[in-house]
Each structure stands twice: as C-alpha cells, then as structure tokens.
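Novice: Heads up, here are the entries from TrEMBL:
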BINDING   A:Ala25, A:Val26, A:Asn30, A:Ser254, A:Asn286, A:Leu405, A:Ser409  Na(+) binding site
TRANSMEM  A:43-64  transmembrane segment
TRANSMEM  A:85-107  transmembrane segment
TRANSMEM  A:170-188  transmembrane segment
TRANSMEM  A:200-224  transmembrane segment
TRANSMEM  A:244-268  transmembrane segment
TRANSMEM  A:280-301  transmembrane segment
TRANSMEM  A:396-418  transmembrane segment
TRANSMEM  A:439-460  transmembrane segment
TRANSMEM  A:466-489  transmembrane segment
TRANSMEM  A:510-529  transmembrane segment
TRANSMEM  A:556-581  transmembrane segment
Amino acid sequence: MEMEKDARPSWDNPMQFVLACVSYAVGLGNVWRFPYLCQMHGGGGFMIPYLLMLILEGIPLFYMELAIGQKMRLGSIGAWSAINPYLGGVGIASVVTSLYLCLYYNVINAWSFWYLFHSFQSVLPWAECPVNSNQTGYIEECEVATPTQYFFYRETLNISPSIDDNGRVHMGQALCLVLAWMIVYLFIVRGVKSTGKVVYFTATFPYVVLIIYLIRGVTLHGAMNGVKYMFTPKLEQLADPRTWINAATQIFFSLGLGFGSLIAFASYNHHNNNFERQAIVVSLINSSTSIFASIVTFSIYGFKATFNYESCLERMRLLLLNTFDMAEDTITLDNVDYWITELNRTHPDQFANLAPKLDTCDLVAELDTAVEGTGLAFIVYSEAIKNMPASQLWSVLYFSMLLLLGMGSMLGNVTAIITPLRDFKVLARNFSNETLNGLVCVFCLLLGLGFTTRSGNYWFTMFNEYGATFSLLFIVLIEIITVSYVYGLKRFEKDIEDMLGHRPNWYWKIMWAVVSPVLLISLFIFYIVDYIRGGTPTYQAWDAVLGKSVVMEYPWYGQAFIALLLVSSVCCVPITALYAFCKKKQKEAKSVPRHEHTVSTVSVV
Amino acid sequence: MWMKLLLIVALAGIYTQAKEDGRGQISGEVEEARWRVAESPDAFKVRLSLKSALGDEAYTWNENELYLFRAAMAYTMRQYYMAEKGQQVNFTSENIVTSEVTPRISFFFYVTNPDAAATITKAEVEAAIRLSRGRINSAFLLSDDTLEFVGLLATLSPPAEPTVEVWLIVFGVVIGFVVLVGVFLIVSGFRNRRKRKLKMDDDDDEGKAGEEIESGGVTNSGFEEEDDRRTQL
C-alpha cells in the first residue's frame with residue numbers, strides 16, 4: 001500500500017501524452033514568429049531550409065528528450081543526475097531556464113485576457129482614438145501614432161519612455177496576471193491527472209479557431225494579394241546564411257527543446273510507450289501548424305495592406321476632387337494616378353500647393369511591413385480585425401485562440417519545474433500536490449508582477465531575448481554530447497530497445513552522433529559572435545511624443561542583468577559538476593580509514 | 001423737336017436698361033460672381049457629396065435644390081435668433097447670398113440681415129448652423145460628412161460610456177468561476193486523500209492480520225516489479 005502511494009502517476013492513455021506535447025510545442029511562436037521568418041527569408045522558398053532543419057535536428061533531438069524522460073521516469077534534474085552524476089547541472093539549468101520562461105510568458109496571457117475582455121464592447125476600444133479632455137480633438141499621442149498602437153502602448157501597458165522610469169503596477173494588468181496564474185494552477189493542480197484532461201481542450205480548440213480564421217481570412221477582400229506576395233518563393237534568399245540560421249533556431253525553439261518539459265511529460269509514460277512514432281507525429285504537427293498559421297497571417301496581412309492602400313487612394317481622390325472642384329464621378333479609385341499626373345500638367349500652381357498633403361499609395365510597400373512578436377499579435381492583427389465586419393466576434397475568437405496557445409505552452413513550462421521538485425522525496429512527503437504547485441504558482445506570480453509596471457515591457461523584452469535563447473542552445477548541446485559520447489550511444493540504444501523492442505536505425509544514430517552536435521555547435525558559435533559583434537545591447541523604447549519606437553541602449557544595470565540571465569543558467573552545469581566531484585572526493589576520503597580498520601580487525605582475528 | 005424725341009427714347013432706353021440692370025442687380029445679389037462671394041470674410045464654403053451618400057439614388061442638383069438650401073439656411077437663422085436672442089427676425093431666401101455651383105457641387109454663401117444692410121458675422125452663422133445641423137442635413141438626406149460646411153469646427157461626439165465597467169464585469173465573471181472550480185478541486189482533493197488514508201489504515205490492519213494468517217506467504221509479484229524498476233534507476 002505504501003508503494004501505491006509513491007507510485008509515479010501516469011497519463012490515462014497515450015493520446016493524452018501526445019496532446020500534451022502538441023499543446024506545449026504549438027504555441028505563440030508558430031503564429032507570430034514563423035510567418036515573419038517566412039516573409040523575411042524568401043516566402044515559399046523558406047520551406048526548404050525549414051524542413052531540412054526539421055529532419056536534421058528537430059526530430060532527432062525531440063526523440064532523444066522523450067527517450068530520456070520515458071527511460072528515467074524522473075524530471076530533468078533526476079534524469080540527468082542518473083545519466084551522469086557530474087552532469088546533473090544540466091537538469092538544474094533546465095529548471096532555471098524554465099523558471100525564467102514561466103515568469104515572463106504568462107504576462108503575454110495576461111495581455112490576451114485584457115484584450116479578450118475589452119472585446120465585449122460595441123465599438124472595439126482600439127478602433128478609434130479617444131477624445132481629449134475638452135472635446136476639441138483626439139488625444140495627441142493617438143493622433144501621432146495609430147489607435148491600435150495607442151491602445152497597446154498607453155492603455156494596456158501604460159509604458160514609460162525608457163527602462164529607467166519605473167512606474168506603479170498597472171492594476172488591470174496585475175488582475176489579468178493573477179487570473180492567468182489561477183487558471184494555470186487549476187490546469188496543473190493534481191499534476192498529470194489534471195493536465196491530462198485539460199490538454200484535450202487546449203490542444204484542439206486552437207485548430208478550430210485557426211480553421212475558422214482561415215475561411216474568414218481567405219474570403220477577405222485583398223487577402224489573396226497577401227498570400228500570393230508572401231508565398232512566391234524568392235530563392236535568392238537561400239544564399240544568405242541568416243536564412244539557414246534562422247530556420248535552425250526556429251525549429252529548435254518551436255519544439256521547446258531543452259526546457260525539461262518534454263522529459264517531464266515523458267517521465268509519466270508507461271515503460272513501453274511507442275514514443276518514436278509520437279516524436280515524429282508531434283514534430284510534423286508542429287511544423288504543419290506553423291505553415292497553416294502563416295497562410296492565415298498572410299491573408300490577414302493582405303487584407304490589411306489592401307485596406308490601407310484603398311483608404312489612401314480614397315483620401316487622395318477626395319483631396320483632388322475638393323481642391324479642383326470636379327464632379328464626384330470623374331475620379332474613381334482606378335484613375336487616381338492618371339488624374340494626379342493630368343492635374344499636375346494642367347494646373348501646376350494649384351497642384352504645387354497640394355503637394356505636401358499628397359501621399360503615394362503603394363500596395364507593395366504596405367505588404368512589405370513585416371512585423372513579428374507581440375507587435376504582430378496585438379497591434380497588426382487587432383488593426384486588421386477592427387476593419388472586419390462583426391469585428392467583436394472575430395476579436396473574441398482570435399484572443400481566445402492566443403490564450404489557449406499560450407496556456408498550452410505554460411502547462412509544459414510549469415510541469416518542467418514541478419516534476420523535478422516533486423522528485424525530491426523531502427518535498428513530496430511534506431507537501432501535497434496542491435500545496436507545492438500552489439507555492440510555485442504564487443512565487444512566479446509575485447515575481448511576474450514586476451512585468452506589469454510601466455517599464456515592465458522593456459524587462460519583458462529583455463527576458464524574451466536573453467533569458468531562454470543562449471542557455472537553451474548550451475543545454476541541448478551538452479545534452480546531445482552527453483548522450484552520444486559520455487553515456488554512450490551503445491547504452492542508449494540498448495535502453496531504447498528495452499522500451500520499444502527494436503534498436504533505432506542508422507538515421508537516428510548519425511543525427512545524434514554527428515549532424516545535430518555539429519549544427520548546434522555552429523549555432524552556438526554564431527550566437528556568441530553575433531552577441532560580441534552587436535556591441536551594446538539595445539531595445540526599442542516607445543516615444544509618446546513621436547508616436548513610434550526608438551532604439552535605446554540598455555543602462556549599465558540592464559546589461560548586468562542580461563549577463564546575469566545568461567550566466568545563471570549556464571553556470572549550473574560546471575558548478576554542479578564541481579560539487580559532485582567534491583562530494584565524491586569527500587566520500588572517498590571517508591571510506592579509506594574504515595577500510596584500513598576492517599583490514600586490521602581481520603588481521604587481528 | 002426730334003432732339004427731344006431722341007432724348008425721351010434715350011431716357012427710356014436708359015430706364016429699361018436700368019430696370020433690367022436692376023432686375024439683374026437683384027438676382028445678381030443672389031447669384032453674384034463666385035469670387036466676390038468667396039472674398040467676403042463672412043462666407044462659408046458648402047460642399048455636398050451626393051454620389052457617395054446616396055449612390056444610385058442621388059438626385060440631380062439644380063436651381064430648385066439651391067433654393068431649398070437658401071430656404072433651409074433662412075430657417076436656421078430664424079431659429080437661432082429666436083432661441084439665442086429672443087427676437088423674431090424674418091430672414092428670407094433672399095438674405096442668403098450664394099455663388100455659382102461647381103461641378104463638385106460646392107459653393108460659397110453669406111447671410112445678410114433683413115433689417116439692416118449688413119452681413120451676419122461668420123461666428124453667428126456658425127452657431128446657427130450648429131443649432132439646426134440635423135434639420136439641415138435631413139432636408140437633403142445627407143449627413144455631417146456628406147454636407148460639409150468647410151471650416152466648421154466639428155464637435156466630436158462625446159466619448160462613449162465609461163467602458164472600464166464592461167471589461168471588469170467580464171473579468172469578474174471569469175475569475176469568480178475559476179475560484180469556484182479551484183476551491184472545488186482543492187477541497188475534493190483533500191477529502192479524497194483523507195478517505196484514502198482511512199481506507200489504507202483499515203487495509204493496513206487487514207494486511208497485518210493477513211500476514212499473521214499467511215505466514216511465509218506467497219510473494220506478490222506486483223510489488224517485486226516495482227522494486228526492480230526502482231533499483232534500475
């Protein structure tokens with residue numbers, strides 16, 4: 001009976017495990033990072049490096065992490081300590097990186113909640129500028145920027161001009177963050193038993209919304225302009241090394257390798273679960289979702305660009321009509337350009353007066369504005385949504401989808417922390433599941449409140465760029481070298497045979513032993529070189545007067561904090577190795593005198 | 001003798017010419033040269049966008065429509081004087097001086113005072129228009145942006161109802177639901193664990209009894225497997 005209490009909980013069925021992995025891997029990056037990369041690196045041609053990297057590093061590394069988790073049946077700390085006592089630090093580094101990720105990732109969910117709740121209004125608040133205090137005009141900041149930017153930077157974030165100006169906590173944001181953490185807590189409260197039920201929803205509902213949005217998106221006026229423009233392959237981009245580097249890093253981060261979440265999820269599997277097939281399935285689902293999401297994104301881009309282009313033409317048409325007092329139907333949207341040249345020829349003086357107000361309307365320039373990250377999700381998308389008919393409905397659907405994608409990834413992030421913690425018998429005995437999980441959530445919530453202050457978004461960007469990028473590369477590099485060379489591929493093969501019934505074939509072995517480590521080392525070197533060459537790290541600060549973002553350098557404490565972020569997770573590995581080494585030396589020193597004692601007693605006897 | 005006749009004819013000619021001129025002068029007061037009306041400091045430019053407002057059902061602009069405009073403006077001025085100054089000043093369509101209408105359907109106008117020989121100031125006309133804007137618009141089946149008085153400072157619509165409440169309501173509903181579910185899960189978790197502990201205490205007692213009964217009993221392979229897996233780690 002005692003053993004039953006301590007028996008490791010497990011998924012109710014393998015489907016839950018697959019859905020958990022899908023829910024974790026398919027996240028916000030599929031929606032807001034991949035379409036940007038696709039656009040920047042040659043549209044349809046980007047598929048070639050992307051799919052190649054999937055085969056060369058994505059699937060093999062994913063398979064490796066699942067194998068470790070399922071074999072060791074422990075979280076990342078326990079698993080790596082078991083593989084090699086000197087490399088237990090890799091597990092600790094994973095937990096530290098997951099902690100950083102948990103801290104800032106849920107803030108995105110808080111923003112999604114904020115936007116979702118604000119969608120229940122007859123006029124979306126980011127559709128129009130608010131009127132100023134004496135009702136003579138619109139608020140200046142909103143006039144200089146756009147209403148969607150104003151809503152994001154002023155009303156949602158209440159952002160300060162630079163990272164130095166800390167402000168008070170934004171109450172609305174703080175409330176939404178509390179709600180986000182409460183929901184995450186509910187999802188994981190009983191560990192894998194509750195997570196397993198929740199993932200049926202978090203993994204599948206985003207696809208429902210994506211399909212609905214796909215249908216809506218491609219039927220929008222001008223959507224085809226976007227899709228055609230973005231997907232036409234520009235194969236010359238393949239010659240640029242950055243294309244290949246970005247493809248590699250995107251596959252890497254998109255699959256969520258190195259955080260310990262996959263190891264944690266797999267540790268709850270039955271010993272003979274066929275994770276090989278599942279690894280391939282989940283990786284392919286993740287990549288196809290990225291491609292699917294970019295079709296939706298590009299059709300919305302196309303709609304937005306066409307809308308802006310036609311509004312520009314309409315503005316020019318009215319300007320010409322009103323200045324030259326011509327009948328309304330002489331100029332239509334199609335012949336605006338013709339009339340511009342014509343009127344310039346016939347009435348040059350009057351036209352010269354008009355020149356400052358005249359904008360050039362260019363569809364391709366509109367399509368070329370490429371945005372990624374929170375800017376894409378919360379500014380560009382909301383701008384497109386406000387122009388759709390029945391915009392409240394589309395807004396609610398869209399932000400619910402963002403929420404589910406984010407929550408699904410949070411499940412994995414938090415599981416990566418609590419699984420290793422629960423593996424420590426001390427904690428598991430004294431704290432129930434609910435209490436331990438609750439403590440972790442409260443801890444992350446309190447620290448996360450720092451991101452809801454007025455300068456919070458700048459710290460958020462810092463964490464996003466430095467908290468989990470470089471350290472992950474390092475962690476996974478150590479992982480693959482450990483498995484291939486320290487633990488040994490032979491032992492690893494045997495373990496897999498033990499679990500699956502057959503050995504991994506030559507493709508896997510070549511990838512693990514040669515290709516993936518080489519790729520990872522080159523990515524690692526590239527990151528270091530790029531960081532050194534980049535000079536002082538900079539960030540984008542929102543200038544309320546100009547109504548746009550300006551580049552600023554981080555102050556000294558910002559740079560120190562970046563260094564701290566990078567070093568704190570990476571140095572876990574050497575420190576733990578040193579600690580294990582010292583402990584071994586201590587144990588050896590203690591056991592030697594005892595041995596002598598035994599020998600002497602034997603000789604006496 | 002014939003010189004006198006010539007003089008009479010000339011005078012008659014001058015008189016009729018003057019009369020014609022006079023008539024021309026009267027209608028010229030109403031439809032003066034565009035530039036002269038526009039020059040007046042108290043003139044407003046009016047612009048109508050019939051096609052964009054009404055599409056296919058747009059009516060054609062003609063003299064009668066312009067007359068309607070003048071009548072509507074006269075009405076506006078009368079209402080303004082009545083409301084603001086308490087006076088009944090009988091403006092007529094002839095007090096509204098308009099210029100030629102361009103193909104765009106735009107023209108200038110200013111208002112003259114029927115009682116005195118002066119133009120009504122632009123500020124007063126503006127105030128009058130603001131008062132009766134809705135009525136003027138509806139006379140032409142147009143709206144504020146299709147019947148434009150160029151230069152009229154638009155009063156922006158007052159901000160919508162304070163919208164903080166709406167999002168707080170939705171937030172309150174969601175968080176209330178979450179708290180309820182959370183409390184239910186935690187409480188049921190504790191209760192289940194207590195029930196299981198009680199059951200296990202009972203079973204433990206039974207187990208001890210069982211062991212006494214089955215001394216040197218059969219090993220339970222289920223537990224052994226667990227052990228093996230453990231040591232592997």
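Cβ coordinates come from backbone N, Cα and C, glycine included.
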Novice: Taking 8 Å from the centroid of the Cβ atoms of A:Ala25, A:Val26, A:Asn30, A:Ser254, A:Asn286, A:Leu405, A:Ser409 as the cut-off, which other residues in that chain fall inside it around the Na(+) site?
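Specialist: My list of surrounding residues reads A:Val22, A:Tyr24, A:Gly27, A:Leu28, A:Gly29, A:Gly256, A:Thr289, A:Ser290, A:Gly408.
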Novice: Provide the three-state secondary structure of A:Val26 (Na(+) binding site) computed with DSSP.
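Specialist: The three-state answer is coil.
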Novice: Looking at the transmembrane segment (A:396-418) and the transmembrane segment (A:439-460), are there 3+ C-beta pairs under 8 A, with each pair at least 6 apart in sequence?
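Specialist: These two segments touch.
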Novice: Taking contact to mean 3 or more CB pairs closer than 8 A (sequence separation of 6 or more), are the transmembrane segment (A:439-460) and the transmembrane segment (A:244-268) in contact?
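Specialist: Checked: the transmembrane segment (A:439-460) vs the transmembrane segment (A:244-268), no contact.
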Novice: Which residues of the same chain, at least 6 positions away in sequence, have a Cβ lying under 8 Å from the Cβ of A:Asn286 (Na(+) binding site)?
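Specialist: Listed in sequence order: A:Val22, A:Ala25, A:Val26, A:Asn30, A:Ser254, A:Leu255.
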Novice: Between A:43-64, A:85-107, A:170-188, A:244-268, who has the most Cβ pairs under 8 Å to the transmembrane segment (A:280-301)?
Specialist: A:43-64
Novice: Among the recorded stretches A:43-64, A:85-107, A:170-188, A:510-529, which has the greatest number of Cβ pairs closer than 8 Å to the transmembrane segment (A:244-268)?
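Specialist: By Cβ pairs under 8 Å, A:43-64 leads among A:43-64, A:85-107, A:170-188, A:510-529.
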Novice: Name the residue among the binding-site residues A:Ala25, A:Val26, A:Leu405 whose Cβ has the smallest number of other Cβ atoms within 10 Å.
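Specialist: Looking at the binding-site residues A:Ala25, A:Val26, A:Leu405, the Cβ with the fewest others within 10 Å is that of A:Ala25.
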Novice: Over all shown protein chains, what is the count of other CB atoms within 10 A of the CB belonging to A:Asn30 (Na(+) binding site)?
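Specialist: Total other Cβ atoms inside 10 Å, all chains included: 25.
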Novice: What stretch, picked from A:43-64, A:85-107, A:510-529, has the most CB pairs under 8 A with the transmembrane segment (A:170-188)?
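Specialist: Ranked by Cβ pairs under 8 Å, first place goes to A:85-107.
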Novice: Highest CB neighbour count within 10 A among the binding-site residues A:Ser254, A:Ser409?
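Specialist: In terms of Cβ crowding, the pick is A:Ser409.
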